[in-house]
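*Asks:* One structure follows; several queries about it will come next.
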């Protein structure tokens, strides 16, 4: 009866409201009018599933929509099914109040396929099924969250992303390089300064060493020079004495204070000196310490001094111990040594003549009188 009234356009008889509410075959009935609220879980799903082929599949970890688990399992042939009517006009003469929305069932069936019914007397609009879209829609689905908007937990909001972190590391690296260069330059500068100080100290030490060597060489050279001067002077005086003796002079005379004997002059000193000082005095006066070559000469000298004084002779063994020689280098041919002399006690290397004309060895550094000998001058 409900269908008859619906076809003829008459209002529903009383009692049909409860029958419609109790109609368990609600999902197989004619789609509701536009002024009725959609069935929970069906209209929005159809609107969202219009672009099902072009939509991006949801994340695997997203929970399923309420009441759609069994629909996804049952709607395997959703792409080949006919979409339901969406723009059906309301029934003529129907003034029934809008139905309250029913609670969503746990198990819902897919919507009816797009199939026209033989309804006479109704002004139904033409229903067109949209062709399936084969193109891929690149626009993100409204239910699918955007990848750009997904927050990443390991990135800090203040860091500004990986680019900002990379810039920060670049800044740290630049600061490290600049610091390393500065420390390297500072170390090089300190090393150069220390090197210059060490080189300056080395030059000063080299200069001091050179000065010390020069002084030592100068002192040694000065001592050698003095020795050479003394030797040259002695040789010169000896040459002059010999030259004067060779000259043919008419009158042979001796200097004042000198005693002549067989063409020679002898000087007996009134003061005392060491052996070296006495030798130097004789050389300065163109003479030498007395050299005895004969008994007559020895007797003249022993008698001439006539006093208990001890005089230096020109005899010594400095070159070799025990080898006594005169100043002219000749060995001793006549010996007038006292008994047990020479004994070389206390480094006694020079010879003296005592009061009786005997010889004795004495240290060259002691002081006593001396006798000089030279040839007579004309």
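Using N, Cα and C of the backbone, Cβ positions are placed for all residues, glycine too.
Keep in mind that this is a model prediction, so the values were computed, not measured.
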*Asks:* Tell me which range among 131-151, 152-172, 173-193, 194-214 Swiss-Prot lists as transmembrane segment.
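*Replies:* Comparing 131-151, 152-172, 173-193, 194-214 with Swiss-Prot, transmembrane segment matches 173-193.
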*Asks:* Annotation N-linked glycosylation site per Swiss-Prot: which of the candidates 118, 237 has it?
*Replies:* 237
*Asks:* Here are some disulfide-bonded residues: 265, 282, 350, 364, 372. Which one has the most Cβ atoms within 10 Å of its Cβ?
*Replies:* 350
*Asks:* Would you kindly give the Cα-Cα distance separating residue 364 (disulfide bond) and residue 215 (N-linked glycosylation site), rounded to the nearest Å?
*Replies:* 30
*Asks:* So among 237, 282, 350, 372, all listed as recorded positions, which is physically nearest to residue 361 (Ca(2+) binding site)? Use the C-alpha atoms.
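*Replies:* For residue 361 (Ca(2+) binding site), the spatially nearest of the recorded positions is 350.
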*Asks:* Relative to the Cα of residue 364 (disulfide bond), which of the recorded positions 265, 282, 341, 348 have a Cα no more than 10 Å away?
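*Replies:* Passing the 10 Å Cα cut: 348.
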*Asks:* Tally of helix, strand and coil residues over the domain 'C-type lectin' (261-373) according to DSSP?
*Replies:* 21 helix, 33 strand, 59 coil
*Asks:* Just to verify a number: CA distance, residue 265 (disulfide bond) to residue 372 (disulfide bond), in angstrom, no decimals.
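*Replies:* Here the two Cα atoms are 8 Å apart.
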